[in-house]
Every structure is written in structure tokens, then in C-alpha cells.
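Quick look at what Swiss-Prot lists:
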type    : residues                                            : note
BINDING : Thr11, Arg15, Thr264, Gly307, Gly409, Asn413        : ADP binding site
BINDING : Thr11, Thr12, Ser13, Thr264, Gly307, Gln311, Gly409 : ATP binding site
BINDING : Thr11, Arg81, Glu82, Tyr133, Asp242                 : sn-glycerol 3-phosphate binding site
BINDING : Arg81, Glu82, Tyr133, Asp242, Gln243                : glycerol binding site
Amino acid sequence: MKYILSIDQGTTSSRAIVFDKNANIKGIAQKEFTQIYPQPSWVEHDPTEIWGSQLGVITEALANSRILPNEVDAIGITNQRETTVIWEKNTGKPIYNAIVWQDRRTAKICDQLTKEGKDKIILEKTGLVLDSYFSGTKILWILDNVEGARQKAENGELCFGTIDTWLLWNLTQKKVHATDYSNASRTLLLNIKTLEWDDELLNILNIPKAILPELKESSTIYGKTDKSLFGAEIPIAGIAGDQFAATFGQACLKKGMAKNTYGTGCFLTVNIGKEPIINHERLLTSIAWGRKKSVTYVLEGSVFIGGAVIQWLRDGLEFFRKSSDAESLASSASDNGGVYFVPAFVGLGAPHWDSYARGTIIGITRGSTKAHITRAALESIAFQSFDILNTMKKSIPNFEIKELRVDGGASQNNLLMQFQADLLECKVVRPKITETTALGAAYLAGLASGYWQSAEEIVSLWQVDKIFEPSMPKNQKEKLLENWNRAIERSKSWIQNSHSL
């Protein structure tokens, strides 16, 4: 019997999951790695530690499932997007730490480019707003701040990659330097209409083309793992950025279907079909996947701090010992007690895009408790997701959401899911398998290798666990949203000089 191995390289941990033909999990392993904060609003990872942790969990997942490497039909890779690595082509050694998607150090560069009117060109070609969230300005920063980097880049001695590319390079032992369209569409460098690296964009960001990876479909054979790693050459047959893999894993394969992933951040995507809609409401248009010689586009809204707000209550304020305790604590309060929490720890994402916003807890009185603050934190995740979907309704012609498919760690929180259904006034549907990110990468790999035969087969494997129906009175919902909007306005533009970023 054969299996699919999914590599799921996330923001805080590296994971590996083994799936069988019915999408059942046969083995799983996970390892957290170091978060590096050199100064406020800077976030880095050690690429060598990422690779080491990923290699370790692959071996562990196979051992846990008692599956031999030669029983793996194919490997799929999914990854934290935008996070940027640059390494030496000859040695494979990174020239700087990976700059993580959450990192805000290049906000000033983005401000300057916006003053020059470059944001409009970038939006039309990439579907992205000009923000430090994306890879482009991170590459520029490394080339300009690491001694000798620019010269080496001009000489073709360096490789750039998002995390998928870095893992692929190491899995094939320097044989393959490539990425897929979904990850490339988050760099600020890919023209999402021509599906090519764009010379004008490279010129704007002063990035040499020589460092860029080859572009490929998301569901295709990239290469094979080097025999020295696992004792077998395993085909690497699928790659997609985490949110796009989750969209595929949720079987949102038809135009108009939507999913929200409640992870470190929240990422709401709507399948918009085969034609890009360039959005002027500050939502993002990206390529979700490429297969069978065409690409599928999504409209996405990104919330920077989703489940991470619960981690902060756990680790920063020590409100509880386990994240799973947040639900029972929040449920001990019948409502938020007038407390609103805007977790703008690293600024605000869609639809506000304010790098200068900061976190705020407002409405506190002597009667406010840990339970009220925890409930407000959970509610903030749903409020931010509501803001995105509300903006999407204005942006997509004739778009009416009937159900929202959900996944990610915080989707297990029933209080949060019910509140989300109440705000959106639509069904929130949680599937039986919530490991949809890893599953999406597995599906893409398995379709390329012939393990699964068709998209229809993928759709048939998707099963419902629980449906949350809206039940909140409309006037109560409207009052909550009114207060949330007041709280959001208080958090905006808090940082008054860019040195504090």
C-alpha cells in the first residue's frame, strides 16, 4: 500500500503528516522552533533550524506510522508564505536569517514607494497592496543590509526562495531551485496575469532576476528527494502556500466557495475562478494553485493576529496554561462586559492595512475580569474575519456567502465558531479533518503522481463534523459591530514615527 507525505512548514512549528487514500491520518509529528525578535516589530527564523526540524519530523512521522520511505507515493509541501530566505548557491548557506511574513521592518520602504506612486503599478500587476508583509521589500532589505549581498546577487551567486523553495532545494540536495505560482504570487514580483516574473516590478524593487526560482504549477513533479536523506528517492509532486493548500484541502474548488483558516493569523479566501479580480478595497488577489495548464485565483483577506492573541494571553499575561482553556474561561462570562480587544500587535491587515496601528483593550472597568478580556480576545478574531467578508461582498459581483468552511487550531473553539456564524449570518461548517492545509498539499501531490485520479474524488472525501447556525438577534449583532468599529478606530495610527516600528 502507498501513502502521501505532507510537509507543513508553519510560522511556529514544522510538521509532517502521512495520509492514506481515504485522507485518513496514519502518522503525524510536529516540532516547534525558535522565534527570533532582534528588535520591536522584527521577526526572524533560522532557516537551518527550519530545515533541521522539518527533516526530523518527516523521519518521526514515518516511524510513528510504521511506513517505509519507499511506501511513500509522493510528497506535498505547504508553507508559511512570504517568509524570505536568501542563500549562497554553492554552499547552500543562508546569508541572513529568514525574514518572517509578520516582520514590519520594511514599512518605511513601502511608504517611500507609495509616495512615488509605485503602489498602483504593483496592485495592477500582482493583485497585492504594497505592504511589508510580502517578500519583495524583504529581499531588497537583505540585499542592501548584508555586506556583499548585492554584488553576489548580481553575479548570480545567490538564490532567493520562500520556505517551499528552501525546503525543495534541501530535499533535492541543491538540484532544484523552483517555486509554485501560489507562493510566487505573494512576492510582489510575479505578474499574476502573464504568470511570469515581471521586469518592471524587479526594477522598482531593485532585485536581480538571477536570484529567482523557476516557476512551476502547484501539482506537478518537481524532482525527487536525494537518496542520502531517506534511503529512497521520493517524488516531490505538490507545492502550495499554506492558505491556498487549505482552500484546496477544504474542497473549495468551485467559484464562490469560501474558507477561513484560524491559525496564528486568520486567512479568509474566496475562490474567484479563472480570471483575476483586481480589488481596490485593499483585499488581495492571488493565485491559489496552478494545475492542468491553468490557474485558479482567490480573493483573500489576511488578519495578522488571530489565534496568536490567545497565545499572548497564555504566555504574556499567563491567564491560563493551555490555549484550549480559553474557551471555558471565556464561556464563564455571559458576554464581553463591554470590553473590546483589537490585537493589532504588528499593525492591522485587511481591510485596514495600517502598519502604525497597535493593540488596544478598551471598555475596561473595575468589574472587568480575565474572562471578559479572554472573551473579547476570542471575539476579536471573529470581528476581524467579519470585516474581511463584508468587504468581499462589496468587491465580488453577485457574491452571497451561503456557508463558510473553517479550519485551523482555533476552529476547534465552539464559542468562537458560534460567534462567527452569528456575525456573518451564515452557516459555519467545520469538517471532520481540520488538517486541511497539509491535506491540500497531499491532494496536489497525489493528483500529480496519479495517487488520486480527479478533483471529483477529492470533493467526495470532504466530510462535515459540525455546523454552526446563526442565532443572535440582529440588533444585538449591530450594537457589537458598532462598538468594534469604534475600538478599531482607536487603535489606528498609534505609532507616530517610523523609528518605533
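Residue numbers in this text run from 1 along the chain shown.
Cβ atoms here come from the backbone N, Cα and C positions, even for glycine.
Annotated features taken from Swiss-Prot, shown on the structure.
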residue: Thr11; record: ADP binding site; Cβ contacts under 8 Å, 6 or more apart: Gln80, Thr83, Val100, Trp101, Gln102, Gly263, Thr264
residue: Arg15; record: ADP binding site; Cβ contacts under 8 Å, 6 or more apart: Ile7, Asp8, Gln9, Ile28, Ala29, Gln30, Lys31, Val57, Ala438
residue: Arg81; record: sn-glycerol 3-phosphate binding site; Cβ contacts under 8 Å, 6 or more apart: Trp101, Thr162, Asn183, Arg186, Gly241, Asp242, Gln243
residue: Glu82; record: sn-glycerol 3-phosphate binding site; Cβ contacts under 8 Å, 6 or more apart: Trp101, Tyr133, Phe134, Ser135, Lys138, Thr162, Arg186, Thr187
residue: Gly307; record: ADP binding site; Cβ contacts under 8 Å, 6 or more apart: Tyr262, Gly263, Thr264, Gly265, Cys266, Ser323, Ile381, Gly408, Gly409, Ala410
residue: Gln311; record: ATP binding site; Cβ contacts under 8 Å, 6 or more apart: Thr264, Ser323
residue: Asn413; record: ADP binding site; Cβ contacts under 8 Å, 6 or more apart: Tyr262, Ala326, Glu327, Leu378
*Could you say whether, by DSSP, Arg81 (sn-glycerol 3-phosphate binding site) belongs to a helix, a strand or a coil region?*
coil
*asked:* Please give the ADP site's span as the largest CA-CA distance among Thr11, Arg15, Thr264, Gly307, Gly409, Asn413, to the nearest whole angstrom.
replied: 22
_Fewest other C-beta atoms within 10 angstroms of its own C-beta: which of the binding-site residues Ser13, Asp242, Gln243, Gly409 fits that?_
Ser13
*Inside 10 Å of the Cβ of Thr264 (ADP binding site), count up the other Cβ atoms and send me the figure.*
24
*State the three-class DSSP label for Ser13 (ATP binding site), counting H, G and I as helix, E and B as strand, and everything else as coil.*
strand
*Among the binding-site residues Thr12, Tyr133, which residue has its Cβ surrounded by the fewest other Cβ atoms within 10 Å?*
Thr12
*Tell me, by DSSP, whether Asn413 (ADP binding site) is helix, strand or coil?*
coil
*Can you see whether DSSP assigns Tyr133 (sn-glycerol 3-phosphate binding site) to helix, strand or coil?*
coil
*asked:* The record lists Arg81, Glu82, Tyr133, Asp242, Gln243 as binding glycerol. What's the largest Cα to Cα distance among them, in Å, rounded to a whole number?
replied: 15
